[in-house]
Amino acid sequence: MMILSIIYFYICLYIPLVNSQNSSVSVNRPKFSPCATWNANATTFANSTTVGTNPGVVFVDRNNTIYVTDRTSYRVQVWQNGQNNVTRTVSGGLNDPIGLFVLNNGDIYVENGNVYNQINKWIINSTKSTVVTYLSGGHCYGLFIDINQTLYCSLKINQVLKISLNSTGNMTQLAAGNSTPGNTTYLLNWPRGIFVDINLDLYVADGGNNRIQKFSYGQLNGTTIAGSGTIGTFNLNGPSDVVLDADGYLFIVDQNTNRVIGSGPYGYRCLVGCSQQTGSTSSELNQPYSMSFDSQGNIYVTDKNNARVQMFNLATNPNSCNILSTQTPLLTSNNPSSSFSTLTSSKSSSAPSITSSLTISSTQLSSTTTTSPSIS
């Protein structure tokens, strides 16, 4: 009985979680319990005084150092090891930076495509940058560097390009899409946040198509795994970022519905901003753009139109995760009146089999409204 109680404790509380990832991957990929929840009310980590009136991407490294692109003041603000005050400002030669990625060694990569059509790099403690590569096509809305030191850039011209940082020729390759906007399996429409897993599969927040596309390594034909055209997931409206946890489940910033959605062994559910109301209270968002986990599983979100960065703390709520049966409920906005269905999620067949049910409030299952994304 004692052993069963211990097992139940670790299943129904979040397990914080060892980052089960390759040591060269600098993003936090926590491992969550199926019943993990986040506080509905956020703490404002940074406001317009430090991140300007138009914050771009937030990135939290594995030491919990926080980086945010400040598009208003053409800079990157840095909080070392989760400190409350800015400890470093990266600037000089930037113009409206959005995309951002940081390696374990402290190298900071910033897209600088608005005017200069380039990606810049600052090494640790450096005050001057070097040019990594030149890319025509405007902004890189998202940057990512995979375990093989290949840099990916989601361009405004409906492409995702990649370039090996280990090569001397700086030769770019097409990873997804082309210059034509479209909604077929091999086209994109306003790709923004991107993520590359340890299998080198590419995930794209295809904002203009209201979907998340997965491109298996070396393939230019994508598969829609969330949003428009899928069954058992939320309807999406202008998704702007996608992140994976340790088990390969998706977490999506759905910009035009002002919320963050997550998947798990029981399907998809809303995590924060679930009223879908535009607002500035602690439980509301207004055009959120980017998200990042810290090492404890807390969620940081750039709340674009509120000119702030919000932190939603990971909460423990064992009473909402009762082990009752072997049913696998599917939480879906397409059928909010039904709590149970055949499991359909982005997780592979190796998903953990946990016999429990999950209680989710009705606001977490509400359908999206339809508005057109505005590009900025």
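Count begins at 1; order follows the chain as displayed.
Glycine residues also receive a Cβ, built from the backbone N, Cα and C atoms like all the rest.
According to TrEMBL:
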type: REGION; residues: 335-376; note: region 'Disordered'
type: REPEAT; residues: 188-218; note: repeat 'NHL'
type: REPEAT; residues: 272-315; note: repeat 'NHL'
type: SIGNAL; residues: 1-20; note: signal peptide
- line: On average, residues of the repeat 'NHL' (272-315) score a pLDDT of 97
- prompt: Using DSSP, what's the helix, strand and coil tally for the repeat 'NHL' (188-218)?
  reply: 3 helix, 17 strand, 11 coil
- prompt: So how many of the residues in the repeat 'NHL' (272-315) end up helix, strand or coil by DSSP?
  reply: 3 helix, 21 strand, 20 coil
